[in-house]
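Engineer: Starting off with a structure, shown below.
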């Protein structure tokens, strides 16, 4: 049999092992894995490289339409490809209008035409004003629904995203349970965080440490406990977003051990940055939940290696530089991290801390694909989409602003020495990023809809 592509001599991350083996591709799918596979139109030599499943980033904010000056599909998905991401799951907020019904998601599909370098699945929003329209988004094909129990959205903009109160969350979760959809939750206690933040501003406490103190660990833990219980009573599968504390992870682990259908994610910045570094970097490292102290970070590493965190995500949420100006308490909270997930975590988890390659593959790709039903993604296995990323181990470089593909070339990782490099990203058998050639093909990304899986 003749193939379109054979990748030879790379250390390939398979589901339960990593070994030097060849991978054959035909028609955009993985056709065979083994030795002496035969002929191909193209052969790539991956000697000395790790061949990983393309990352499935389950938490990405692209702000188009409506706020394309924050981030757009063209720049955001190019950055993703350069960072080894082949599939993103896009959040329903930051764009205007927020993705809360059929009409608003159709606007996103139109805005993205011809701009997607990678594939993209969609989340719908569960907000205070759309519980009677959740079925519309399910029918279109979203893979889950995001909500906030922390305060969010601009009250001066009618069609911006909104947080939900406990009643709205419960009613929404009941409906999503009936639809067979998971609810994804940003877990921080809204009232306590808001009041602590206002108190800090009144008293002139505006450092990074002050911001972290205004969103303490217990506000995350309390919110996780609350939504765990409400989702359980409502009969809805729960996914806890961007957990920042080991105590928060423990709540999820306990519920899972008791039989609840719950998963969780975290982000690289909670593992590689701490509060002192946040103080030094400034507002570019502001996010919520916040980056915490070194002791907290050590606890997060323990939870990650214990298998208590299901997947790692970017939570890429950039904004124009002027929104990061001024003191930390007033600046926009969101990190530009889409391009720096795979290489940073390969360096920190695999090279520095000894994580196995199969575990790395699960955290960066396989588990997210499974959680959100992306059946063709997340694995190097026959029949799956031929999505790969080539990683060059022990190849250090210093990230510069010019390296970035974002709409605004800023990131808290700029200036960081990263000990591994992404050299090639392949989507459905085609090279979409190469370290030497850049982006050699026109955007070929597609939207992934639930009912097409």
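Cβ coordinates come from backbone N, Cα and C, glycine included.
Note that the structure is predicted; figures quoted are calculated from it, not measured.
What Swiss-Prot records for 59, 61, 146, 315 is Zn(2+) 1 binding site. The Zn(2+) 2 binding site annotation in Swiss-Prot covers 146, 186, 242 and rests on sequence analysis. Marked as N6-carboxylysine by Swiss-Prot: 146.
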Engineer: Measure from the Cα of residue 186 (Zn(2+) 2 binding site) to the Cα of every one of the binding-site residues 59, 61, 146, 315, then give the nearest.
Structural biologist: 146
Engineer: Where residue 146 (Zn(2+) 1 binding site) and residue 242 (Zn(2+) 2 binding site) are concerned, what is their Cα separation in Å, rounded?
Structural biologist: 12
Engineer: Between residue 315 (Zn(2+) 1 binding site) and residue 242 (Zn(2+) 2 binding site), how many Å separate their Cα atoms?
Structural biologist: 7
Engineer: Same-chain residues six or more away whose CB lies under 8 A from the CB of residue 242 (Zn(2+) 2 binding site)?
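Structural biologist: Looking at Cβ-Cβ distances below 8 Å from residue 242 (Zn(2+) 2 binding site), excluding near sequence neighbours, one finds 59, 186, 265, 266, 267, 270, 287, 289, 313, 315.
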Engineer: Across all the protein chains here, work out how many other Cβ atoms are within 10 Å of the Cβ of residue 315 (Zn(2+) 1 binding site).
Structural biologist: 27
Engineer: Could you tally the C-beta atoms, other than its own, that fall within 10 angstroms of the C-beta of residue 146 (Zn(2+) 1 binding site)?
Structural biologist: 26
Engineer: Residues near the Zn(2+) 1 site, 59, 61, 146, 315 excluded, by Cβ within 8 Å of the Cβ center?
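Structural biologist: Close Cβ neighbours, site residues excluded: 60, 91, 241, 242, 313, 316, 317.
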Engineer: Sequence gap of 6 or more, Cβ distance under 8 Å: name the residues on the same chain that satisfy this around residue 61 (Zn(2+) 1 binding site), in order along the sequence.
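Structural biologist: The answer is 71, 90, 91, 93, 94, 315, 316, 317, 318, 334.
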